[in-house]
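Below: one structure, written as structure tokens.
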Amino acid sequence: MSTPNLYDSTNKPLYGERLIEESKIICFDNPNKKRIYEISIELPEFTCKCPFSGYPDFAKLNIFYQPNSKVYELKSLKLYINHFRDLKISHEEVVNRIMDDLLNAAAPHWIHLNADFNPRGNVSMKLDIYSGQKRN
């Protein structure tokens, strides 16, 4: 029995790469639709690539939301976010795309997506998008 070559040069994607490539946001039923509550999710290792230089951009994403009938499943959200790591896309476009996908997946009562990009060349950027009415 031979040991598998971990550094095989074939172009066959590894299992983690396949999971990321096939990822989509999965939701499950809100366990308490009658209660108003807020969920916060932090994704501290977001990456994508600058569409002009190809250099990696790093950010911390924060999602704050008040669920409607669905809540986000965290593992699927992690895999979905990871699929942007090799994509050449602007900060503004990627954050708006993520917000659109979050809205389409769960249609929360209210949601706030915050992206805090690491400084590059002495410039940092924060981007906030809101949708819906926050309930009290």
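Just so it is clear, glycine is given a Cβ too, placed from its N, Cα and C backbone atoms.
If you look up Swiss-Prot, you'll see C50 marked as active site, thioimide intermediate, on the strength of sequence analysis. What Swiss-Prot records for D57 is active site, proton donor. Here Swiss-Prot flags Y72, E73, L74, H91, E92 as substrate binding site, drawing on sequence analysis.
Shown on the structure are the features that Swiss-Prot records.
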| residue | record | Cβ neighbours (10 Å) |
| --- | --- | --- |
| C50 | active site, thioimide intermediate | 14 |
| D57 | active site, proton donor | 22 |
| Y72 | substrate binding site | 20 |
| E73 | substrate binding site | 15 |
| L74 | substrate binding site | 11 |
| H91 | substrate binding site | 17 |
| E92 | substrate binding site | 12 |
Mapped DSSP class for Y72 (substrate binding site), helix or strand or coil: strand
For substrate, whose listed binding residues are Y72, E73, L74, H91, E92, the greatest C-alpha pairwise distance in Å: 25
C-alpha spacing of C50 (active site, thioimide intermediate) relative to E92 (substrate binding site), in angstrom: 11
